[in-house]
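Structure, as C-alpha cells:
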Amino acid sequence: MKEEAKKLLKFEFLSQGALGGAEGLAEAFFEVIITRMGASPFMIGLLGSSAYVSNLFSPLWARSSRKFGAKKLVIISMLLASLFIFLSAFSQSALAFLIFVFLYYIAYGVREVLYPLIVEKVYMDIQILGHAEATYTILYTIAVGVAGYIMDVESYKLAFILAAGLLFIAALSRLPFPDVREGEEEDLELPYRDKLILGMVAMFMVAGTGMLMMLPAIPILEVRVLNLSNAVIGIAMAVNSMTYVFFSELWGRVIEKPSHVIRVFQLGFIAIGAMAVVYFLSTSAWYVYLASALCAIGGSAVSIGWQAFSMGIPDYRTEDLSALHLTTCGIRGLYAPLLGSLFIELVGVRWTFIIASVLVVSSLFIAEALIKPLRERFEL
C-alpha cells in the first residue's frame, strides 16, 4: 500500500465508524418504528422495498462518477442522507416516515455503488474491505444497543437526530481523499451481455427474492407476534453485527480466486435458509438471537463476496459490476417485499419464512453450475 493511502486509513475508519453508528441508531430500526406506528403489512413491505428500489439509480451514479468523480458524489449523498434522517425524526405519520426513508435510501445508495471503486483505486487491497466492515460493525453493534435503550426510555427521535449528526461527520471525513474516477470510456453494456455475469445475476434473482420476502415478516414477527421490546431487538441486532464482524474478516481472508466467491455465496445461502427456519420456529428472543447470527453469516458472505468479485474480475470496471448488482437488487426490491406482504396475508407470517427459505436454498444449484465456467475463464 502506498504511503499516501496509509495516511488516509484513519479517515477511512472514522468514516466507517460514523456510518456504523448512524445506521445502528436509525436505519436498523426503520421497520420496527413504522410497525409500531401501526403501518399495514403492505406499507411495511413498501419500506422494505425502498432500500432496494433506490438501487435502480445505480447505473446513473456509476456513469456520473466518471464525469464528476466519486469523492464529490459520495460526500453530497451522505450530507443529503443526513438531512433526510433528521427530517424523518419529526414525521407525524407512517406515510411521512416512509417518504423520508425512501429519500434517504436514494441518497445513501450513491455510496453503495462507489465505495468499492474507492477501495480499489486508493488502497488496492481487498482486505481493507474486511477491516472497514469490522470498524463499521463494531460501532453499529454499540449503536443498536444504545438506540434500543434510548427508544424505550426516551424516543426514537433522539436516536435519529444523533444518527444525522454521525452521517454529517462521515461525509466530512471523506474530504481528505483524492478524487477517484475512470479516465477511459469502455462499452458500458458489456457486463449485461456476458453470459457468466448474467448467470450470477440469475442466482441472486432467485436467492434475493427469498431474502427480500422476509423483510416485512421479520418486524411483524418480532413486534406483533413475539412482543419483543426495542431493547431486546437491539440486542438481536448487536448479535448480528458482532457475528458480521467475524465473518467479514473471514471471507476477506479466504477469497483468493473467483471460484472461492461462489463457495462463499453458497455458504451464505445456507445460512440465510437456516435463518428463515429458525424464525419459523421462534417462540422467544433466543430464537431471534440465533436467527440474527445466521443472518449476519449470510449477509456478510453476499456483501464481501460480491465486492471481492467486482474488484477481482479484470474484464469490467468495478463500479459497473457494483452498479449491475445493486440495480438487480432494485428490481427485486420492486416486488419481493410486497410478495412477502402478500404471503403474510395468505398463509401467515411464519409460513412466509418457509416459502422464502425454499427460494434461497434452491439458488445453491445455480451457484454450483457457475463454478466450472468461472474457473475455466479466470483461473486456468
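Yeah, the Cβs are placed from backbone N, Cα and C, and that goes for glycine too.
Sequence annotations record features per position, and here TrEMBL assigns transmembrane segment to 42-62, 74-107, 128-150, 156-175, 196-219, 231-252, 264-281, 287-309, 350-371.
Of the recorded ranges 42-62, 231-252, 287-309, 350-371, the transmembrane segment (196-219) has the largest number of C-beta contacts under 8 angstroms with 350-371. Counted over residue pairs separated by six or more positions, the transmembrane segment (287-309) shares fewer than 3 Cβ pairs under 8 angstroms with the transmembrane segment (42-62), which leaves the two as not touching.
Of the candidate ranges 42-62, 74-107, 128-150, 350-371, 128-150 has the most C-beta pairs within less than 8 angstroms of the transmembrane segment (231-252). For the transmembrane segment (74-107), the most Cβ-contacting stretch among 42-62, 128-150, 350-371 is 42-62 (pairs under 8 Å).
Proximity of distant same-chain residues to the transmembrane segment (128-150), defined by a Cβ-Cβ separation under 8 Å and at least 6 residues beyond the stretch ends, is recorded for 12-13, 16-26, 28-29, 116, 119, 156, 158-159, 229-235, 237-238, 241-242, 244-245, 248-249, 251-253, 300, 303-304, 307-308.
When Cβ-Cβ distances below 8 Å are used as the criterion, the transmembrane segment (42-62) is approached by residues 30-31, 34-35, 73, 94-95, 98, 101-102, 105-106, 108-110, 112-114, 212, 215-216, 219-220, 317, 319-320, 322-324, 326-327, 329-334, 336-338, 340-341 of the same chain, each at least six residues removed from its ends.
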